[in-house]
Each structure stands twice: as structure tokens, then as C-alpha cells.
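This report concerns only the one structure given below.
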Ligand SMILES: NC(=O)c1ccc[n+]([C@@H]2O[C@H](COP(=O)([O-])OP(=O)(O)OC[C@H]3O[C@@H](n4cnc5c(N)ncnc54)[C@H](OP(=O)(O)O)[C@@H]3O)[C@@H](O)[C@H]2O)c1
């Protein structure tokens, strides 16, 4: 029997973000005794932990119990059946970047299970998947929130929703949406000093853990395109997919098909002169180059790539690996609403997920 006001929490993914989320969930469960938050399922791609009678898993010991578990994760349909049969409401926290799990969101929501997630895949996939997700939520009453899918914990999606839902008119969204690209360009083309060689900056970013294991996964622009797809859709543009608008890749053609990230890094210095040229051209105009994404509502255009900015522009003045997102709207006129700060990291990303969980709890418990 479920306790009064009990909500079951199921977590898929216990990596960098998942572990931080567990820490925040443990504190939330103590701070919010009005709802009994019971962890009933947790898994990685190799292991799972759950009890057939839905008895609680200790949040504090979840990671060690999971690593000691010898149970392989059930199939996704079986997990959905298990959660749908729980004796109280369930929120699924998807802390993976799995496309398979994202594709199952319509099914999960249609079974009355709410979802909170930092996983971009569901919301930046096909427009059909986007439509199916929100149609399933609408008909079952389950909730779905994904604040951390853009700008990690920065309040980007909730801000945009507030602007749209209060009747403001978004005219343009522009920003630096990738911590990796931010770090690379802030050090390659700083507003003061000459900056480093492009290939050396990419190598340094990889050594510092700012890039994906293969830096080409950052330099191809797809991650930024996915975030722009999400914001464009929330602004009212029915973008078909993240490859349906211009996205500039910073991978030299000749290195697109080299076998490994290491070989890519080894050969990248051969192409430094191309990026030097881009930097010098901007310098001649008294500007710096940055990798940005923008959405222009008047022309219904979305694009991702290199742009030049005056040194006094907030995008030029960004530091470290920060993100910046400027919302130009009718109400804000010439003074855009700007959201800026750390756009990556386990704790800040998990904060966005925990805040989403609170949004769901306020509606279902
Ligand atoms: N880290 C950040 O700063 C940041 C910022 C914004 C958004 N995000 C998003 O947050 C999500 C998680 O990122 P992360 O950095 O925590 O990644 P991570 O460290 O790679 O962890 C991913 C976790 O998901 C599990 N997983 C992957 N596929 C799975 C599947 N099919 N079924 C069950 N478990 C699966 C992995 O298990 P195994 O280890 O067994 O494979 C691992 O526990 C991603 O969508 C990412 O894009 C991250």
C-alpha cells in the first residue's frame, strides 16, 4: 500500500549528472516531508536495482547498492510496465543521452508516468517525436520537463516558456550554447591579447575534460543545433530536425573521416592557418569571432556557426566555458533579457533536473 502523498522516483542513468541528482534528491526528500519521495528503480546500461513489491531503495546507498547488484536492466517495455503498475504516481528521471529511451517517451507518458530529463534527444529529434510526446502528456495528464536540455541548470527553457505564455513576442534568440565552444573561442580569440593556436586550444580543452572523448563531436555543431531546435520549437517554429537548417562544422573536410579522435588531434595543426585567417579577418574589423546559434522569428530562420562580434558585445565578453543566451522580444525592446553562467557540470545540470522534479511534484502531489 502506498503512503499518503507518496511519489515513486525511477532513475535511468547514474553517471556525472545522475550521481549529483541522487545527492540533491536525498536532501529534497528530507526538506519536503509533505510528499514521500520513494526511489523504486535505478539503472545504468548494465545494472538495475528494483523490488517487485516497490519497497523503497535507500537513496543514500543507491550507488553502492547498484554497483553491487547483479541484475541486468529489464527491457524498456518491461520497465514501463513495472512503473505503470506502481501503487502511486511515478516520475521517471532520464539521466542518459539515450535515443532509445527518448523514443519511448510517448509510450511512457501515455502510461501516466511523468518525465524529467536533461537528455536533449527526445526534444531535438524529429518533429513527429516532439508532437507525440506532448500529445501523450496532454491526454494522460502526465508531466514532462527538460530544463537542463539547454544551458544545463541555467533558466533558459522556463524563461522562454514564461515569455511565450505571457504573450510576449520573441523576435530573436542568440547565444553561445556550448561550454566547449565557449572555452575554445574565449581562449583562441580573446578580447585582449592574441590568443593561442586553434589546434593547441582544442588539445588543451580535451585535456581539461571540456570536450567529448572525440572532439569532433563538439566541433561538428550538432550539439548546438539540437539546443537551437528545442528553443525554436518552443518559440513556435516547427523545425523538422537539427539537420534541417544551416549548421557550420569546424571539422576540416579532410579530417571528417579519420579513424580516431587522437588522429584528428594529431593532424589538426595542418589546418591552423584557416582558423587564423578567420581570427585575423575579425580583428581587422575590431571584432572577435564566436561560435553562436541564432533564431530569427521574422525570417523563420535558424542557424549555427561562426559570427563576428564587437568587443563590447556581451557574447564577446564571455569568460571560461560559460553560456550566454539573449532573448530579444517585443517587451524587452533594445535591452534583451540575458541568461548567462555555467552551462555544464554535474551539480548545475542536476539542479535543473531537481527543479523540474519540484515543478512536477507541485502538480501531481
Ligand atoms: N554533464 C553535463 O555537464 C551535462 C550538461 C547538460 C546536459 N547534460 C545531459 O545529461 C545527460 C547525462 O549526462 P552525464 O554527463 O551524466 O553522462 P554520463 O556520465 O555519460 O552518464 C550517463 C549514464 O546513463 C547511463 N546510460 C546510458 N544509456 C543507457 C541506457 N540505454 N539505459 C540505461 N542507462 C543508460 C550510463 O550507464 P553506463 O555507464 O552503464 O553506460 C550512465 O550511468 C545527457 O543527456 C547529457 O547530454 C549533461
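Note: Cβ is positioned from N, Cα and C throughout, glycine not excepted.
The NADP(+) binding site feature in TrEMBL is assigned to 13, 14, 15, 16, 17, 18. Annotated domain 'Aspartate/homoserine dehydrogenase NAD-binding' per TrEMBL: 13-147, in sequence order. As annotated by TrEMBL, NADPH binding site applies to 96, 120. Annotation source TrEMBL lists domain 'Homoserine dehydrogenase catalytic' at 155-358. According to TrEMBL, the feature L-homoserine binding site maps to 212. TrEMBL lists 227 with the feature active site, proton donor.
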120, 227 as recorded positions, winner by CB count within 10 A: 227
Shortest C-alpha distance to residue 17 (NADP(+) binding site) - which of the recorded positions 96, 120, 227: 96
From recorded positions 96, 120, 212, 227, the one whose Cα lies nearest residue 18 (NADP(+) binding site): 96
Residue 96 (NADPH binding site) and residue 16 (NADP(+) binding site), Cα-Cα, nearest whole angstrom: 10
Any further residue of that chain within 8 Å (Cβ to the Cβ centroid of 13, 14, 15, 16, 17, 18) of the recorded NADP(+) site: 19, 20, 21, 95, 96, 346
Candidate nearest residue 96 (NADPH binding site) in space, where candidates are the recorded positions 13, 14, 15, 227 and distance is Cα-Cα: 13
Distance, residue 120 (NADPH binding site) to the residue listed as 'active site, proton donor' (CA atoms, angstrom): 7
Alpha-carbon spacing, residue 120 (NADPH binding site) to the residue listed as 'L-homoserine binding site', which is rounded to whole Å: 16
Between residue 13 (NADP(+) binding site) and residue 212 (L-homoserine binding site), the C-alpha gap once rounded to whole angstrom: 18
Coarse DSSP state, helix versus strand versus coil, of residue 18 (NADP(+) binding site): helix
